[in-house]
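As recorded in TrEMBL, the features of this protein are as follows:
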type: DOMAIN; residues: 12-256; note: domain 'Lon N-terminal'
type: REGION; residues: 68-106; note: region 'Disordered'
type: COMPBIAS; residues: 77-90; note: compositional bias 'Gly residues'
type: COMPBIAS; residues: 94-106; note: compositional bias 'Basic and acidic residues'
type: BINDING; residues: G409, P410, P411, G412, V413, G414, K415, T416; note: ATP binding site
type: DOMAIN; residues: 689-874; note: domain 'Lon proteolytic'
type: ACT_SITE; residues: S780; note: active site
type: ACT_SITE; residues: K823; note: active site
Amino acid sequence: MADSPVELPGRLAILPFRNKVLLPGAIVRIRCTNPSSVKLVEQELWQKEEKGLIGVLPVRDSEAGAVGSLLSPGVGSDSGEGGSKAGGSAGESSKQDTKNGKEPIHWHSKGVAARALHLSRGVEKPSGRVTYIVVLEGLCRFSVQELSARGSYHVARVSRLDMTKTELEQAEQDPDLIALSRQFKATAMELISVLEQKQKTVGRTKVLLDTVPVYRLADIFVASFEISFEEQLSMLDSVDLKVRLSKATELVDRHLQSILVAEKITQKVEGQLSKSQKEFLLRQQMRAIKEELGDNDDDEDDVVALERKMQNAGMPANIWKHAQRELRRLRKMQPQQPGYSSSRAYLELLADLPWQKVSEERELDLRAAKDSLDRDHYGLTKVKQRIIEYLAVRKLKPDARGPVLCFVGPPGVGKTSLASSIAKALNRKFIRISLGGVKDEADIRGHRRTYIGSMPGRLIDGLKRVSVSNPVMLLDEIDKTGSDVRGDPASALLEVLDPEQNKTFNDHYLNVPFDLSKVIFVATANRMQPIPPPLLDRMEVIELPGYTPEEKLKIAMKHLIPRVLEQHGLSSAYLQIPEDMVKLIIERYTREAGVRNLERNLAALARAAAVKVAEQVNTLRLGKEIQPITTTLLDSRLADGEVEMEVIPMGHDISNTYENPSPMIVDEAMLEKVLGPPRFDDSEAADRVASPGVSVGLVWTSFGGEVQFVEATAMVGKGDLHLTGQLGDVIKESAQLALTWVRARAADLNLSPTSDINLLESRDIHIHFPAGAVPKDGPSAGVTLVTSLVSLFSNRKVRADTAMTGEMTLRGLVLPVGGVKDKVLAAHRYGIKRVILPERNLKDLAEVPSPILSGMEILLVKRIEEVLDHAFEGGCPLKSRSKL
């Protein structure tokens, strides 16, 4: 370290320090990456045998920005080994852009000449950019007389400001300077003694006080701790030694007092609390800091803020009294007590609930609502008409207690989106609560606060999230709730959906009544059977049957294909799916009531097209109208790297910039390549009933109507009946009933010569329902079982184009069944042309679309004999003496 004044050359290369000041005696390390700073180091330091001098000037961000100069922040400056930290970040300047008319950079008028103690050069990979690490030592102050540019960096004509050696020797004899020096050293020693217990490296600083000259001491010592940029500039501008020592003494004393205050606060808090109470210790420290600063304002205290929030929540009077009682209890508790956090969470819930806040409903426009329903949903005429009726009543009587609508239907037919459309028409917020798999009553009513981790129920939590008390709340999959030892959620919903009771709904966690009468509840279910009768009685059931193939085609062309293309980043310019191909997808690849599988197949085609489009992106050619751009519009130097950009002239049509390839049109070959071979065909029924003992039945499932084959065969045995196919109790009883009826009428059906002969003698009967992994039950397979047994015993095949449904009595009467529309649609999907239905189901045919009925033969029957007569080719010959 230099201990005498330095002789400066006439001109120095200038390196700017951004928002930091290098003081004489301090050592800093700088990483130079900017092209201008790299050029400066190469020409001024690296290429010289003896490491030369360089000037360091502070530069303000605000000043640089005001004149529009291009400055880039450098890397953090760390002290060299054995030196003190100068701190902060360095900066380098780039050449001003005179072409753009920018003003010169306004440097600070004073700086520090620095000597390069160490240089190292590196090359970044893979960019190949050269970087330098420079360790600089501040030597002496100088003032800038003239600033000029040399290539890509600046140089300045400077004059030294520090005293000469003779002047320093005379100044050191000045009594005032000696007194200031003693005062500074005393303050610095006091600071060192305070820091000795915290820092092990303070011993080096003690040595500095005794060995460093007075004119260096103030700069080196102040540079060792953080001060503001303004204070750094003030130290740099203090050329007079007395002024410099006075300012340094003030800064050191201020730093000492801040440390003493912090220790005082810590000792005060530690004396009041044990070490184990860490959280409370931190709160007490904050309180002590506020007292020291004189900031005793409690308006922003957490509990006060919570009370203010509760006052603005609009709680009813009786609930506000309850909340105040809980708040007084909270004030008496310490934060580290076990019940503090739960009480606070409870009060925050009370404050967040929308006791009075509602969504303002706009004037209902029924025509607009109808247009919105038609736009979002195809078909479903009866369902949409019921929704319009519901909205009409709301318009005439806004406070009317409307029924709870429950949409029942197979998956993928639009139940959830219908509920969302109701919310949109009413201009209310929409929230969906899934009840599928819920078995705990606490999910509806909440947990009592006596339990650890208790929470409010899903209804109260949902109202908290939407922040209004009158949303449209969808109770999704209400038929899939269960019950166990934790309670019955379906029973808990009885209070929620009853308009006479939900005005005072009591959540166990909330423990105060909450008004749910403003909420519009809408429920969805796949089946009605699992819903308990009392809960079903509180809802108006609206059944959504499956779609016909024609409706699926319209939905696909109008809704599904545009949505699939958008989701995959495509358009009709890249992929086109003709109607004929959509029909083939519906007929050969999907047999469902809804449209979800249809959408999945369309998405598979879109993914295949996306692959080809993505592969062609890199091979797109410029259109003929676009010329390569050869002029550079940006002439500025960019710090820390280049930015490559292409400028498209204004007014040019960007859509014509690239030549799009011809769109892909889906054909049968692409269908089989992407979706595989067809999964279904019309010949399945004919193949399955090619032998006696097989009949075709129609069943209803949660996924819509399905075709169910029933197979019967006989074998040597003892007259037993075997049933397989994962059957329920009801369908097993139907099989026993069917066998009993056939045995009793064997002679009349020409199955045995006389009625005395046992039809099952020495043989067993095995009835099987294929797809054994799927559970099957329900009272609609009786006629199908009888037909299968008669076919087996008579050795006659059932007609392949005929399907049937209906239950029978022991006397041979055919009883009506449900799900007629879904079953007829299922038969149509399978290509079946004749359907046998109970006569009492004639009224249900009104729901079947007329195009479906016109292409099918519906056979209505009253007795089982009529079923057999229609099921076999040429009828079922009965004995003339039969009195069935």
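Positions of Cβ are set from backbone N, Cα and C atoms, glycine also.
Feature map: annotations from TrEMBL on the structure.
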| residue | record | contacts (Cβ under 8 Å, 6+ apart) |
| --- | --- | --- |
| G409 | ATP binding site | K415, N526, E543, L544, P545, G546, A593, G704 |
| G412 | ATP binding site | E592, A593, G594, V595, R596, N597 |
| V413 | ATP binding site | L380, L544, P545, G546, Y547, A593, G594, V595 |
| G414 | ATP binding site | H377, L380, L544, G594 |
| T416 | ATP binding site | R432, L474, D476, T524 |
| S780 | active site | G697, L698, V699, W700, T805, G806, E807, V817, G818, G819 |
| K823 | active site | L698, V699, W700, G705, T805, V835 |
- request: Take the domain 'Lon N-terminal' (12-256) and average the pLDDT across it for me.
  value: 72
- prompt: Taking the center of the Cβ atoms of G409, P410, P411, G412, V413, G414, K415, T416 at the recorded ATP site, which other residues in this chain have a Cβ no more than 8 Å from that point?
  reply: F407, T524, L544, A593, G594
Message: Quick check on the binding-site residues P410, P411: which one has the highest count of other Cβ atoms within 10 Å of its Cβ?
response: P410
- prompt: When a 10 Å sphere is centred on the Cβ of K415 (ATP binding site), how many other Cβ atoms does it contain?
  reply: 25
